[in-house]
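For B:HIS37, the entry in TrEMBL reads active site, proton donor. Look at TrEMBL and you will find B:30-37, B:147-150, B:VAL176, B:184-187 tagged as ATP binding site. TrEMBL lists B:GLN61, B:GLN153 with the feature (R)-pantoate binding site. Residues or ranges marked as beta-alanine binding site by TrEMBL: B:GLN61.
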2 protein chains.
Amino acid sequence: MQVVNTVQDLKKWVQSTTQSGRSIGLVPTMGFLHEGHMALVEAAKAENDVVAMSIFVNPAQFGPNEDFDRYPRDFERDSMLAEKAGVDIIFAPSVKEMYPHDSQITMSAGMLANVLCGKSRPGHFDGVLKVVTKLFHLVQPNAAYFGQKDAQQLAIIESLVRDFNFSLKIRRVETVREQDGLAKSSRNVYLSNAERREAPELYRSLQRGVKDAREGQDPIPEMIRLIESETSGTIDYIELLSYPDLQQEPKEQAILALAVQFQKARLIDNIIFNLKEN
Amino acid sequence: MQVVNTVQDLKKWVQSTTQSGRSIGLVPTMGFLHEGHMALVEAAKAENDVVAMSIFVNPAQFGPNEDFDRYPRDFERDSMLAEKAGVDIIFAPSVKEMYPHDSQITMSAGMLANVLCGKSRPGHFDGVLKVVTKLFHLVQPNAAYFGQKDAQQLAIIESLVRDFNFSLKIRRVETVREQDGLAKSSRNVYLSNAERREAPELYRSLQRGVKDAREGQDPIPEMIRLIESETSGTIDYIELLSYPDLQQEPKEQAILALAVQFQKARLIDNIIFNLKEN
């Protein structure tokens, strides 16, 4: 496995790879890898000749009061895990390498950012759009792999690729969970022991909510009750929207999603489902 | 020469062209071709194996009170001229083909749009950024060719390519002029005979301004005097900025640019020059 830190070295690899006709699967990450990322690598390996993983904690998608500096990083462990999983190249640029100039040109997710996590993270998805566009241009993948856990990110990136005619495919990979149902996340390490025991209630409440929604009930009051009685976290949002266009009052394909703030970790989870199926 | 109207047909051509290792030069236009466009084609032919020209009057870059409906179109004449000039393929999509969905995601030129034409055309360059990004993704050119006449557009597209890591080169092609100095433009057809006789004063005043600026004088008052006394047009702006970053108080590379509104045509022109050279 190669590790490259500069745009120039990455471009050399991309050029020789595409010239030899090999297809590239891209797994964009912020590092601190867990099984969720490994599921993305696995999906990318199954569909492509080679797999590129980017590891870049993107400052443009963190707000001024968010955890950019504190976001967990462990490159040595990451590169070991990536190599074991069969990644062919890691692109791990510095912030300076990705943003060498003051840049005036911005992208905006518009109304797609006015729901779910976007409401409490102004500018977050604009930063995601910028870095993802840059990575797509740099790596020139045939397909890129994203986890369903970040469902709003996935929906926005699918819109990006469609509306701006990128020539790659976006693959949605199911959320990987702990045995007790908690969605894997780099931020889970910040849970206290007590919070860690409570956290599976998030997924249980989502499952209950899906059942209620399919029976024609508003699922949200009961979910609020469950989370408030069974956890010490504070609900940031619980929303039921259409998927992937993220509009109110879904008819068929829907997403039920939540974010809950614990002391040092804000956890998100969701289920994407069809309201008409059981 | 091929003419394709759909994204699907264009993609087939792009795929077979790139697979055979041929380099693509892209000349993006809004049609109603004149010698300025032909100079772009010539530059593209000199540097690439094949030349693609897009002809698309992009509604996203016209304001609600601008001349989208009235913008001159003559596809038959355009395709004759393009074929004669050696264009290999024309991509002439419908508006529906380029914008099949309501799109939430937007691009913004930020402060680069707060000077020159951007001031009086809010949103114009955002629309340019969107269509240019789409065309770059669709055509996958090795280089794209733009006229210096639209200098602000050129500066913004150069920033776009740099800041978003597009893998193509942007080539600046000098403004083509009539014998009397008037910059060629699709909008020149809207000048009355009297206005057409006055219009070369725009370039003459720019030349005078460059001379004055190099001698350390503020060139603008004399340019205003010249244009107001020699033409019936109304000055929209005359600005002296750094190039390509379009900041006030240039030190070396500079652009002196103007826009003048005549009865049915708004004309623009500029000179890019070094303040320290004569």
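Here the Cβ of each residue, glycine as well, is placed from N, Cα and C on the backbone.
Annotated features taken from TrEMBL, shown on the structure.
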residue  : record                    : DSSP class
B:MET30  : ATP binding site          : coil
B:GLY36  : ATP binding site          : helix
B:GLN61  : (R)-pantoate binding site : helix
B:GLN148 : ATP binding site          : coil
B:GLN153 : (R)-pantoate binding site : helix
B:VAL176 : ATP binding site          : coil
B:SER186 : ATP binding site          : helix
Rounded Cα separation (Å) that holds between B:HIS37 (active site, proton donor) and B:MET30 (ATP binding site): 10
Chain-internal residues, separated by at least six, CB under 8 A from B:LEU33 (ATP binding site): B:ARG77, B:ASP78, B:LEU81, B:ALA82, B:SER186
Neighbourhood of B:MET30 (ATP binding site), C-beta criterion under 8 angstroms, separation at least six: B:ILE55, B:PHE56, B:VAL57, B:ASN58, B:TYR71, B:SER186
Inter-residue C-alpha distance, B:GLN148 (ATP binding site) and B:GLN61 ((R)-pantoate binding site) (nearest angstrom): 18
Between B:GLN153 ((R)-pantoate binding site) and B:VAL176 (ATP binding site): CA-CA distance (Å): 17
Length of the line joining the Cα atoms of B:GLN61 ((R)-pantoate binding site) and B:GLY36 (ATP binding site), in Å: 20
Neighbour tally for B:GLY36 (ATP binding site), based on other Cβ positions within 10 Å of its Cβ: 21
Separation of alpha carbons, B:GLN153 ((R)-pantoate binding site) and B:GLY36 (ATP binding site) (Å): 15
